[in-house]
Amino acid sequence: MTDRYILAVESSCDETSVAILKNESTLLSNVIASQVESHKRFGGVVPEVASRHHVEVITTCFEDALQEAGISASDLSAVAVTYGPGLVGALLVGLAAAKAFAWANHLPLIPVNHMAGHLMAAREQEPLVYPLIALLVSGGHTELVYVPEPGDYHIIGETRDDAVGEAYDKVGRVMGLTYPAGREIDQLAHKGQDTYHFPRAMITEDHLEFSFSGLKSAFINVHHNAKQKGDELILEDLCASFQAAVLDILLAKTKKALSRYPAKMLVVAGGVAANQGLRDRLAQEITHIEVVIPKLRLCGDNAGMIALAAAIEYDKQHFANMSLNAKPSLAFDQFPDSFVIN
C-alpha cells in the first residue's frame, strides 16, 4: 500500500504553521512560527500585525516542514488548509499559499474547519470512538459538539458571549499579567483558594449554553473596587476563585451533554485544554467514559491538527476548487460552496 502524505496549513490567528501527516495519524513535522512576542505589548492579537507576520514566514514554514518530514512536494497526496473561522486577513494568507502550492504541484485541495482541527488533534494519540462528545475550549470558541461519525459535527451548546479563553485573557489583563494569561492564571490558581465565590452563570439551567461575560464583569468589579478602596488583593485567591467558577461551568455543562447523548468518548480540545486545573477536574469527575485530551503541543493552534482533520475529508474525497475563500465566521455545519465531490 502506498503511503499518503498530506501537507496542511494553519494561519487563522497568530500562529503560522505547516505540517506533514503520513497516512492517518503520523505527524512527520509540525512547524509553528509563533507571534506571541509581537502581540504581548498590545495585550492581545492585532489582526494587521498577525497578517503581516504570516506573509513574512509562511514560505519558510513550507520549506522547513518538508525538510523535517524528509519528503519532497512530489511525494504529497494533497494540501489541506484552514479556511475558517478566524481573522480574515490571516486566513487569506494561508489560503493563498496553500492554493498556490496545490496548483503548482497538481494536488487536490482540502478545506478544513479550524475547530474541526482542534477536535481531531486527539487522533494523533489514539483512534477516536464514535459517537463522541467534544468540549472545545479556546480563545475564540466554547462549544459542545456531538459527533456521531467522523466528519459529522453537530453543535449542541456554545457560549452566548465571551469564549472561555477570551475571559482568561481579559481578567489577566486587568491583573497586569502577561498575554496570553491562561497559563499564569492556572499556575496562580493552584496556590490559592476560592474565597471570592464568583457567579456560575446558567450552571443550573437545563440547556447546554455557556456564558462567561457575567463572571468576567464580577471579577473586574471586585478588582476595581479593591483598588479604589486600597484593599489588599491576593492574586492567588483571585485566580483560584475565577478558575473554580470557570471549571464548575464547563464540567456541569459537559456532564449534562454526556447524560443526553449516547457518547462512547469525550474529547476535550482547544488552547484551554492545556489548563492543568481542567485536566485534573476531568480526571476526578468524569470516570464512566474515556476522556481524550490532545498532547500539550497540539492544544494550541497548529497545522498538525488541520492535517489530522483533513485525513478524514480525504477519505471522503471532499476536495475544493481554487475559488475556495476565507470564511471568518464559519460554522461547524457549514461547508464550502467550492466543494468538488469526486
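Placed from the backbone N, Cα and C atoms, the Cβ positions cover glycine too.
These features come from Swiss-Prot:
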type    : residues                                             : note
BINDING : H114, H118, D301                                     : Fe cation binding site
BINDING : L136, V137, S138, G139, G140, D169, G182, D186, N275 : substrate binding site
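According to its DSSP assignment, N275 (substrate binding site) is coil. Neighbours of the Fe cation site: apart from H114, H118, D301, residues of the same chain with C-beta atoms within 8 angstroms of the site's C-beta centroid are E10, S12, C13, T82, M115, G117, S138, G270, N302, M305, I306. Rounded to a whole number, the C-alpha distance linking H114 (Fe cation binding site) with G182 (substrate binding site) is 20 angstrom. S138 (substrate binding site) is surrounded by 23 other CB atoms, counting those within 10 A of its CB over all protein chains shown.
Note: the Cα of L136 (substrate binding site) and the Cα of D301 (Fe cation binding site) are spaced 13 Å from each other. Straight-line distance linking the Cα atoms of G140 (substrate binding site) and H118 (Fe cation binding site), rounded to a whole number, equals 12 Å. In three-state terms derived from DSSP, H118 (Fe cation binding site) belongs to a helical segment. Fewest Cβ neighbours within 10 Å among the binding-site residues H114, H118: this applies to H114.
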